[in-house]
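J.: What TrEMBL lists as substrate binding site is ARG347. Residues or ranges marked as domain 'Aminotransferase class V' in TrEMBL: 72-312. The N6-(pyridoxal phosphate)lysine feature in TrEMBL is assigned to LYS201.
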Amino acid sequence: MDYVYGPGRNHLFVPGPVNIPEPVLRAMNRNNEDYRSPAVPVLTKILLEDVKKIFKTTSGTPFLIPTTGTGAWESALTNTLSPGDRIVSFLIGQFSLLWIDQQQRLKFDVDVIESEWGQGANLDVLASKLASDIGHTIKAICIVHNETATGVTNNLATVRKLLDKLSHPALLLVDGVSSICALDFRMDEWGVDVALTGSQKALSLPTGMGIICASPKALEASKTAKSVRVFFDWNDYLKFYKLGTYWPYTPSIQLLYGLRAALDLIFEEGLDNVIARHGRLGKATRLAVEAWGLTNCTQKEEWYSDTVTAVVVPPSIDSAEIVRRAWKRYNLSLGLGLNKVAGKVFRIGHLGNLNELQLLGCLSGVEMILKDVGYPVKLGSGVAAAAAYLQNTIPLIPSRI
């Protein structure tokens with residue numbers, strides 16, 4: 001029984017956790033198993049190979065850690081760096097802010113490049129810092145690929161080009177929590193040293209699995225990194241990889257089977273098709289926002305996110321009331337504005353196992369809520385703009401051709 005029942009299904013449009021598809025729910029509906037039995041290592045071995053595909057890497061080493069994205073952050077940092085190491089990190093929203101807070105509490109020397117919320121990472125400042133770092137004191141660049149609080153996507157390829165142009169050896173550590181499996185991500189091509197994501201985002205699983213992929217360069221750095229780590233130590237995993245048993249401690253059996261089903265769905269659709277679908281969902285949402293006469297928190301088109309749209313409301317409206325009204329009256333869950341943009345924006349998440357008609361339902365709900373709170377929206381305007389675009393761009397479902 002739901003804690004607070006509402007008829008029908010909850011329309012979950014926060015930018016994570018997201019809707020879990022039925023095949024994944026069915027795959028997880030199973031009893032516990034002995035993870036030391038012959039079956040679980042066989043399952044794990046195949047999962048590790050297939051997880052590399054969502055990062056687009058052939059050389060990376062993946063780790064499936066029972067944690068959240070926050071734990072994955074800590075694993076990435078403590079396995080590759082030592083206390084006192086200088087790192088450059090970009091502050092562009094709430095989640096990059098939280099990662100920076102973690103970096104500072106782990107006693108790294110954090111050189112923060114701050115941008116206005118709604119802007120992307122300032123790569124001109126990064127270029128200047130790298131060019132002046134003759135002694136290569138910068139050991140890592142930490143960047144959030146997709147800042148969920150503001151709907152901003154950063155250009156990782158440009159970061160790699162800057163590092164290569166200056167022959168700078170700094171590691172490139174990337175938070176791909178709300179991007180991997182939804183936005184274009186190329187670990188090998190972009191020279192990403194550590195990439196990470198969380199199970200509850202585009203993979204459309206429950207929260208509880210941090211998925212990390214480390215380059216050979218990152219694994220080499222882990223041999224000399226002096227940060228204290230125990231639960232997140234890659235070396236413990238690597239020892240068990242060599243033994244063929246894979247797990248230094250008990251994994252979630254249900255999440256492993258769920259991951260298997262989630263990857264199967266992604267591969268059946270085709271990862272590039274998944275990314276294209278998210279492109280359509282993002283574009284349709286932005287067209288709806290424009291038709292409503294509202295603005296996107298993201299200030300330039302080059303930074304637009306295809307997994308979340310942060311919508312700026314007029315000063316006379318509290319965006320938190322939009323979120324409250326959505327849940328209380330329409331059984332629709334939208335994302336709150338966080339920290340600096342609290343009360344100023346609400347967020348529409350459009351990522352994971354989600355199709356175009358589901359999105360149109362959300363947009364129609366948002367229109368009614370805007371009317372409820374006194375915003376002079378024309379009902380149907382945003383839905384019509386989104387539908388007109390989608391009707392011309394949705395391809396046939398490949399398995400049904």
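Cβ coordinates come from backbone N, Cα and C, glycine included.
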J.: Taking only the Cα atoms, work out how far the residue listed as 'N6-(pyridoxal phosphate)lysine' lies from ARG347 (substrate binding site), in Å, as a whole number.
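T.: Computed Cα spacing between the residue listed as 'N6-(pyridoxal phosphate)lysine' and ARG347 (substrate binding site) is 15 Å.
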J.: Limited to the domain 'Aminotransferase class V' (72-312), I'd like the whole-number average of pLDDT.
T.: 98
J.: Within 10 Å of the Cβ of ARG347 (substrate binding site), how many other Cβ atoms can be counted across all chains shown?
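T.: Around the Cβ of ARG347 (substrate binding site), 26 other Cβ atoms lie within 10 Å.
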